[in-house]
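Q: Pasting the feature list from Swiss-Prot:
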BINDING   20, 76, 116, 428  (6S)-5-formyl-5,6,7,8-tetrahydrofolate binding site
DOMAIN    212-351  domain 'TrmE-type G'
BINDING   222-227, 241-247, 266-269  GTP binding site
BINDING   222, 241, 243, 246  K(+) binding site
BINDING   226, 247  Mg(2+) binding site
């Protein structure tokens, strides 16, 4: 296997730059700089030289196979963060035999292949790197720390137990095996179904935390929507004008709201119009508003809005509070009156929804669980039809196990046989 190397820290001038190496020749590559290798997992300051020239002074860290991020023999060089110093060391590494520059994500790929991370943890690491808000960071850390894998291992153990019971009645019918294992299998299946359904119920909120919530600002033309967006963004994100219908397309502004990733949508003013371009903008506004996680209706005296109605979960705000009296939640994007209260109300609504977030943060996770649920529902139906359908139920159980493979890895035949032998003392 090749030994790979790459700059692990950000490119450009910095206090420290970290070079990472992984593979059988990583320690040998460090030694090529004329340094005395330190003990494993001990940082040591070493002078890196090449052709009698000092390239840099670096902290050197060595890791043994099985005790590194990738699971391979690895090394790290902590250099001064000079682009020239980094380039000089990379140039030497590129000329050493058996070494090559790493491809994108290759260190993490090796960690996956060597069992240091499961696939969900790899995805959690990617989400952690991309996290922009506190909620995203916390969620990504849970996944990276193995929350999905731990749950999946418990589900997997129950599935294997249920499969072992059914396979035993099929393959060892003449042996000392309980005649009817249906009640025990149904108990396992019912417990699993309850757990998995809870996870699916919470998955869409978890996906929203990862991808971000959308909050649409809806109202009639010239109601102050763009002015409100600018007040929320604290910059001129949208053009404002006294001319009704200025906003034709959806304008998006992404913000960190109480630790949640939120994209505010400034939509075209809703009204009946014969203007083709404006009508297209209104159609798009209605579509985006209906799909948004939360809608803020900015109302004035223009009456009902065409194409959309206020729902129970929507926020209704009286706009242009600086120009007209009123009661309830009122604001003025121009003066800032009521904006903090609106932000607090939006944050409260969205934070309330995150309480039900599960561990499944991606559509892939949810679809795998939904396939497993479908297979287990088939198992349940077959078992309730009678023992003559045990083989069909066993096949559905294997399908459920395969559906979870993307989360926990493959279930091999030996583990299934081991469970059978341990449970039913089959071995004569």
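Including glycine, each Cβ sits where the backbone N, Cα and C put it.
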Q: By a simple count, how many Cβ atoms lie within 10 Å of the Cβ of residue 226 (Mg(2+) binding site), its own Cβ left out?
A: 23
Q: Give the helix, strand or coil assignment DSSP yields for residue 226 (Mg(2+) binding site).
A: helix
Q: Measuring Cα to Cα, how many Å separate residue 20 ((6S)-5-formyl-5,6,7,8-tetrahydrofolate binding site) from residue 268 (GTP binding site)?
A: 50
Q: Is it possible to get the count of other C-beta atoms within 10 angstroms of the C-beta of residue 76 ((6S)-5-formyl-5,6,7,8-tetrahydrofolate binding site)?
A: 22
Q: Mind tallying the domain 'TrmE-type G' (212-351) by DSSP state, helix then strand then coil?
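A: Going through the domain 'TrmE-type G' (212-351) residue by residue, I get 38 helix, 32 strand, 70 coil.
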Q: 20, 116: which of these binding-site residues has the sparsest Cβ neighbourhood within 10 Å?
A: 116
Q: Compute the C-alpha separation of residue 226 (Mg(2+) binding site) from residue 116 ((6S)-5-formyl-5,6,7,8-tetrahydrofolate binding site), stating it in Å without decimals.
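A: Residue 116 ((6S)-5-formyl-5,6,7,8-tetrahydrofolate binding site) has its Cα 49 Å from the Cα of residue 226 (Mg(2+) binding site).
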Q: Looking only at C-alpha atoms, tell me how far residue 116 ((6S)-5-formyl-5,6,7,8-tetrahydrofolate binding site) is from residue 225 (GTP binding site), rounded to the nearest Å.
A: 50
Q: Under DSSP, is residue 20 ((6S)-5-formyl-5,6,7,8-tetrahydrofolate binding site) part of a helix or a strand, or is it coil?
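A: It is in a strand.
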Q: Return one of helix, strand or coil for residue 116 ((6S)-5-formyl-5,6,7,8-tetrahydrofolate binding site), based on DSSP.
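A: SS state of residue 116 ((6S)-5-formyl-5,6,7,8-tetrahydrofolate binding site) = coil.
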Q: In whole Å, how far does the CA atom of residue 76 ((6S)-5-formyl-5,6,7,8-tetrahydrofolate binding site) lie from that of residue 225 (GTP binding site)?
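A: Here the two Cα atoms lie 52 Å apart.
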